[in-house]
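Participant: What follows is a single structure, and I will ask about it in a moment.
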């Protein structure tokens, strides 16, 4: 039992930070409008500056199996680049938000908004932008793919790091100040180490969405021009277009291999290493076996020496006496200058808001008709129906399975790893397979494409249910056995209330992922035929393919609104309630 | 009662003081109501060669004072002189030991110890020499490469001590350094520390120890400053007349401890630590002002009364003895005694606690009668309960929102204390079956055929 405990304590510790409870505030609404306004401004002013979309001279893709290792390598390197960029962004963004109260007031809600924008919808803009900056160059297409993956990871990582920077234990902070560490030293020796577990965890968790986005972004059609960056995603897309089932299968296997390598070489050693930086004492991680990669690192002299050199160099940089010594706890500055600054601050913010509102309204009125907006909103409800329906279906299947798996520590540990793996696998690689089936049997795409939105997202639910069931207090289960509580009563009174806080975390994540997946799921290609289901995802996908930017923008904004409103009105209050009433402390 | 000061060499008050705190006041800003005063005009002088203890209950502001002296916190008013100069931020000659050890989990023992040296830019051989010598001194030899989580609490606190001593501070500040340790470990570490001090092996000139353990203060300190709560003030200063090593079984020692108990219960505020209303506005008459209540459960009060009534004690007990017998810390014992006093079930007097007639009656009664006695006591001695009951009786629905009472409480105390007070009142009232509370709806209500 204890072994299983330690395995999960890592994730559950973070699952509480995964979901900061914020409720809809006026600031969120104001910021949403500011974001839209600035986006309109950027779109209308930068758009004309960019040249016409010139697809780069990409080398033709081959379906030969010998090409696959090369493509797999390219896909993995793209992911690595995106991770690096996300990491740099995270450090800058989270640090700024944690250090400046004023900046935090904008940056933190902004993360919520960014997290609800469907990343795939974004693709139309990033491709147009980067190909406009680098017309006809491979660089443009590559950057667009990497940037899109970045947008799927960065917000989550930044919000995780912000949480941990804000929760540095007070006594450690005092010790750092008391022993005269400078701001720079304190950052590297106290604050960054505190953030490492959350950083690693969030990076690992955002890989799931990351692979999904990456394979999608490798083969996009923007403005009727197909842009295929060599990689696994484009390989599978090409195979689907040529109805080559064998090549699709080979692509799937290659993806599996890439994910395995990532997990073994990058994340397992990182997780073990990061456990050193966990703050709660008394948790033994002896259960964590040393991964073979770490062992190899330790045993291989040249690797060890270079890693040691790297670490000690970082240590040296971290202990440079840059900045001033940290003085006494801040006292609120003189009231007068404070209020003046405050007024100025709100004044500027108000000005930005008003001009953003004006921009948005003007653009909205000139570009869209009421009928069009209505049409898009109706499409949104179609997709909402899909997402909610599939959430229910997935819950019906996975909650019992998850409970069954989670209550047995051995089963739980095994299942946990497999599910983690399934979650990381980009479900959209399977979409062509399903499309082939739908075409072959002449089924209705509206109905049969629906499960695809949950194909990748369902694992979040299973994941959290296993976590919840395995941390359910054994004593309470024994009480149930003792009084022979069975059947529906057992589910209703004993196990379900215990796992609901966990389950809701999973549902929140699954719902977000499902909305994003809808873009890929509601419009799938097999051969020359494109299957379409009614919905907002299909609308955005089609507008992207046609290169109709203002329609894409409308679709993306409406979808983001659906996600945000769903979060604010349903998931947040529910989780809030569950954490207050049902959390077993 | 105080033993006459003996002629040890550690008498304060010569040469320039190491630290001088003048008229320190500290208050926390509250958005809504008045500022909460935590420290009120505290003056303190610390000389080289002495160990001074700050003794008080939790919430008396002694830890805040320590942080002000460490330069970690700026006082709202007043100033701190460090070797005659105004203190601005953490100073080189001051090091601190924390209650929770505050070790960095990602640094080994050695790296933790060397933190202060790294910050100062002391490198190479000198750093290694200093670290090694302090590790030997403090008894950490062999543990250099261990991670903090591998160590027992005692070894962790030794690491914390070594980290503070390695910079050879003139002043060592200790914030409840032994309170997170078990009794045996605490005793062991305390003895070692005092021994090193009396053998003059510690590279420090003076120590300031914050503690809420009376015996510990008398064991270690040359001078003890007793804090009163709300707001924190230095109520008494005592010079401890014993030479090290001290024997806690010595009658004179026991008498000294007794004396401190008496001082700390003397003129005790009617209610607990949290009684801000009386602290800030002593002029206010007792009737309308609600007093803050400590988190004391009904079962603890009953247990205490039953222990008091039982044969060896027969209704009256010496507080230090009771604390030992019931294994209660100061922070549990005083709130408990004062709650009983508030309800008229016991009285505190000269470091003793004795049951009143009402209290004896309570112990001898059965559960139904006990509930009746408690309900009577609550209605008569706790105005808040009286008020809630009146409102509930008046309302046809027999239910009322808790928010208004919380707001009313917050006029005179911090939101935290208001919440705590309500929680305590709910617990007591539920026992007495006066009213019930619906947490989700945040409402008080009467059961259908409720009490009285």
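Cβ from N, Cα, C; glycine included.
The domain 'ABC transmembrane type-1' annotation in TrEMBL covers A:72-266. The transmembrane segment feature in TrEMBL is assigned to A:29-51, A:71-94, A:106-132, A:194-216, A:247-267, A:377-406, A:418-441, A:447-466, A:494-515, A:552-571.
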Participant: Who are the long-range neighbours of the transmembrane segment (A:194-216) in its own chain, taking Cβ under 8 Å and residues 6 or more past its ends?
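Facilitator: Residues packing against the transmembrane segment (A:194-216) from afar: 10-11, 13-14, 17-18, 75, 78-79, 82-83, 86-87, 90, 94, 119-120, 123, 145, 148-149, 151-153, 156-157, 159-161, 163-165, 167-169, 172, 231-233, 236, 255, 259, 262, 267, 270-271, 274-275, 277-279, 423-429, 456, 459, 513, 516-517, 520.
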Participant: I'm a bit unsure how to read this: which one of A:71-94, A:106-132, A:377-406, A:447-466, A:494-515 has the highest number of Cβ pairs shorter than 8 Å with the transmembrane segment (A:247-267)?
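Facilitator: Stretch with maximum Cβ contacts: A:71-94.
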Participant: With CB pairs under 8 Å as the measure, which of the listed stretches A:106-132, A:447-466, A:494-515 comes out on top against the transmembrane segment (A:418-441)?
Facilitator: A:447-466
Participant: If contact means at least 3 Cβ pairs within less than 8 Å, sequence distance 6 or more, would you call the transmembrane segment (A:494-515) and the transmembrane segment (A:377-406) in contact?
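Facilitator: These two segments touch.
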